[in-house]
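Participant: Right, I'll just put the structure down here and ask away after.
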2 protein chains.
Amino acid sequence: MTEVEAKKPQESLQDRLAQVVELLHRHKVVEDLTHRQEGQHHDRVENLVHRQNLVELQRKLEELHPADIAHILESLPLDDRLTVWQLVKSEDDGDILLEVSDAVRETLIADMDDHEIIAATKDLDADELADLAPELPRDVVHELMESLDAQQRERVRSALSYEEDQVGALMDFEMVTIREDVSLEVVLRYLRRLKELPGHTDKLFVVDYDGVLKGVLPIKRLLVNDPDKQVLEVMATDPVTFHPDEDGYDAAQAFERYDLISAPVVDKGGKLIGRLTIDEMVDLIREESESEVLNMAGLREEEDIFASVWKSVRNRWAWLATNLITAFVASRVIGLFEGSIEKLVALAALMPIVAGIGGNSGNQTITMIVRAIALDQVQPTSNSRNRLLRKELGVALVNGLAWGGVIGVVAFYLYGNWELGVVMTAAMTLNLLLAAMMGVLIPMTLHRFGRDPAMGSSVMITAMTDSGGFFIFLGLATIFLM
Amino acid sequence: MTEVEAKKPQESLQDRLAQVVELLHRHKVVEDLTHRQEGQHHDRVENLVHRQNLVELQRKLEELHPADIAHILESLPLDDRLTVWQLVKSEDDGDILLEVSDAVRETLIADMDDHEIIAATKDLDADELADLAPELPRDVVHELMESLDAQQRERVRSALSYEEDQVGALMDFEMVTIREDVSLEVVLRYLRRLKELPGHTDKLFVVDYDGVLKGVLPIKRLLVNDPDKQVLEVMATDPVTFHPDEDGYDAAQAFERYDLISAPVVDKGGKLIGRLTIDEMVDLIREESESEVLNMAGLREEEDIFASVWKSVRNRWAWLATNLITAFVASRVIGLFEGSIEKLVALAALMPIVAGIGGNSGNQTITMIVRAIALDQVQPTSNSRNRLLRKELGVALVNGLAWGGVIGVVAFYLYGNWELGVVMTAAMTLNLLLAAMMGVLIPMTLHRFGRDPAMGSSVMITAMTDSGGFFIFLGLATIFLM
């Protein structure tokens, strides 16, 4: 992690983005003019204006924090994005690549040759290099690895050996370690010799001669205690620690719960091998909630809003295809009752109401249960399942009778057929009960079998309430009205 | 913020929750037995077992961090929750109340008398008290305010004067301030006299005699620099600062972007009035993403999963009612074409496919645009709107022709009517184009008029694609097939 002191944002990020867009626009107008006059006399004055605009833009970019430049790159269409990317001073390239979203990073790396990539990444830390490595060309990674010393290389390899969201892939290696048998005065002198401390250093790690973690010395304690005291007297001996194969999301929850800034990562033998910091955890929390939103809407992954049509189609096709199949099934359910619809065409107009309300209500239930599972609030026991079922069925019954009653009366007024109204009310109630049952059972069953309960649960519940709603409504109508 | 050192979680949170549930269960079995034998001879042994179980449960709870107890309380049904709440040692009550969700906090406060509430909250800091105040009984708040000194009372009042998600309501008042004209050695000695530093102290705030912020001294710099240096030489003079009336979500994004741990809050005159810390920001980030998920599913707010049926009905009815109205409109659109459906009943079976795919595709688009707006990646200019429109319409055209083609062929095979197939393909394509257009325009228009683009956008887009889909399909069928 390169230390960059954040400048005070006198102007909002939106303002800065607007300024960059304005400069880009000026640049393009001039370019268009120059282009149009090509073949005719090539106007030197305009070329000069062109260059001045670029220089101004470059100066603007130099003032900005890499995270802000990353944000601006994400907000620009591809051509403008690459213009800006070429103007960014190359020492920031690595930091910016780390900050942008995966989809945007791909477009930036595609625009760089091997030489540029190596220049941008050679000063990164082992953990940062490991983050980028999967997206870099093979021979570039090879060359980068060659340039590292043995310890760094080993760290990159180790980080790459874990899944993206395991602690081992998220940790960094910038630990400040001390011994327990020295005085705080010695620790203070030692720190002064370091010249710089790694970001997010809120505690020092106390290890023995074998590198086994004995405790942590919070900086706060270092500062308020008598310098003559020994580390041993002041350190915390039972800190929250993590293992490299733990789930990063669990670690993020622990950070949130215990308000941690950094925490040691130890191997099975208790040896200190790295540390987690709150910034990585915040990214993870943000990512986790976002992937929940995206999954529910049927997007495979975060999308570059300026991605090509073709890329977007690929990101979205899987869920559309699933939806097509479930819609087809629902259509066949209706097909079963074409005879009834021919006799009473009002059924065709009323059936989407039954299906729609069921879907909406089912999605409410499933969203709540998925969240509770994600937060570990639901015990995977039949006792708590039954309790939730009872409650959700109760809510469905109330809503079904109330709203179903309203719509039943409306149906009676519209079509002057009170039996149709009663069937409507009954169908709504039954479909809401089905929605409630499935809203509890689908995520709990997925969870029980170790699947992600969020993934596709919205599509599944809608499929159930559509086909189920049509079947219940048309079935009741066929039995009682025909 | 009370300082609680987090204990190393030797067992997972799930395990601890399971243990508490087990102890509660044993307690209840005994209670049931005792109850059944009432009137007969009252068995003293069973009473003893009963008490032993409670003591064991209490001991278990005493080992736990307040955040863990909060989690356990959220995971328990109301009766068990109150049993545990009674057993928690009262000095933790305040911290636990701060940690639990709003819905659960309400159930806990309802179970406490005024005396208990005052005991639990009297040691809280001003900012924490302000967080709880809106949910406490009026006379309790009055009594608590009376017990505070003038400065604390002013702070509580100030915090209460801001909206829940403004910086002024999120900041705390635990700043360590120093002067710029002293040496680091003096600062170190000053800190030692404080005995304890507030949580999340990664920087000290440098103020002049009027309390105006001159800069910040990161603890890291304090530690690595020569103690003889002056604060002035070492401090950062342009730190990221916030104003109390700024939006908390913007502040959270700045914390994320610049990897901040704490940051000063200053008034218009530049006077230091409080500080923001990363833990509050993490809560906000979590909350923001969650409310996005909840809003999209049509839940008004976070729900206690063990809330009563009646409470849940109230939380969910508004969206269901909206959905009912839009479904009714869609139903009336179908009603317009009842004549056509009577002639060709296949239309009734096929129309939900057109509406369903449109809804799914529209939700994909709108989710992406809402996210991009939330992340400030979309400029509110007609230029960027047109660019996004062009792209989304392109995606819709590809999907419409591809999937519409597939379903057209299927319709032809099912009903042996090639004209029906062509109408199906055309209607799918047109409805996907409508979905794409609305998916871009709805959130951008809401945003333009200062509304939350997430709120209800899913319901709106579904309403459009349902009514629109039915109208397009049945309209085309009436023109070309009748």
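Cβ coordinates are placed from backbone N, Cα and C, and glycine is handled just like the others.
Keep in mind that TrEMBL annotations are predicted by a computer and have not been checked by a curator.
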Participant: Quick check on the annotations: TrEMBL lists transmembrane segment for one of A:314-337, A:458-481. Which range is it?
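Facilitator: That would be A:458-481, per the transmembrane segment entry in TrEMBL.
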Participant: In the domain 'CBS' (A:171-234), how many residues does DSSP put in helix, strand and coil?
Facilitator: 21 helix, 17 strand, 26 coil
Participant: Are there residues at least six beyond either end of the transmembrane segment (A:458-481) with Cβ under 8 Å to its Cβ atoms? List them, or say none.
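Facilitator: That would be 296-298, 319, 322-323, 326-327, 329-330, 333-334, 336-337, 339-341, 344, 347, 350-351, 354-356, 358-359, 361-363, 365-367, 417, 419-420, 422-424, 426-427, 430-431, 434-435, 438-439, 442.
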Participant: Looking only at the domain 'CBS' (A:235-291), what are its DSSP counts of helix, strand and coil residues?
Facilitator: 25 helix, 15 strand, 17 coil
